[in-house]
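Read the structure below first, then the notes.
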Amino acid sequence: MKTNCEFPLLCLLIVLVANVEGEVEDTGLKMVKRLWRNWEDPEQRQLLDQETELEKQREKRLWRNWEDLELRQLLNEFAENQREKRLWRNWERRQVANEDDGEKAKELWRNWEDLKRRQVADLNDEQETQRDKRLWRNWEDNHATLRKRSADSLSRQKRLGKERGKE
């Protein structure tokens, strides 16, 4: 009886049951023993643990980047609201002081609107710059992770190939 099994405990159970029934070939038993050794291999376990830890660190880093971005946006909104209030109070004071001078009030209003538009444009530019930086960092992190995984996979394949060659 030959079997190809991904789960070592299940393979062991199949071999034990088949052995009781007298149907086990030596090659099947060797295959199950080899699978079991690979499963218990500390190097293999360590590689899996390292990959898991790298993935956790990457998720934490992405989460911190997102939280930092959210905080910056909230602070920018707060600062923008404070500037608006200050500009509005200034405009009201000037409006009261210059009630008789309608042209000056209109000019102040236009200046205030222009300032508001420039502030919104500057804020949008800053947010876009921050977004581009964050996307670039994420791309670099992902690229580095993929290179590391590829190198780990190649070294693992070479090592497994050598082990299989010895058997």
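From the backbone N, Cα and C atoms, a Cβ is placed for every residue, glycine too.
Gln95 (pyrrolidone carboxylic acid) falls within a helical segment according to DSSP. Close to Gln95 (pyrrolidone carboxylic acid) in the fold, though at least 6 residues off in sequence, lie Ala105, Leu108, each with a CB less than 8 Å from its CB. Residues annotated as pyrrolidone carboxylic acid in Swiss-Prot, with experimental evidence given as evidence: Gln95 (among others).
Gln119 (pyrrolidone carboxylic acid): 15 other CB atoms within 10 A of its CB, across all protein chains. According to its DSSP assignment, Gln119 (pyrrolidone carboxylic acid) is helical. According to Swiss-Prot, the feature pyrrolidone carboxylic acid maps to Gln119 (among others), an assignment based on experimental evidence.
Helix, strand and coil content of the region 'Disordered' (147-167), in residues and according to DSSP, is 20 helix, 0 strand, 1 coil. The annotation region 'Disordered' is assigned in Swiss-Prot to 147-167.
Taken from Swiss-Prot, the feature repeat 'RLWRNWE 1' applies to 34-40.
Annotated repeat 'RLWRNWE 4' per Swiss-Prot: 107-113, in sequence order, evidence recorded as a curator's inference. Residues 87, 91, 94-95, 98 of the same chain sit 6 or more residues outside the repeat 'RLWRNWE 4' (107-113) yet have a Cβ under 8 Å from a Cβ within it.
For 1-22, the entry in Swiss-Prot reads signal peptide.
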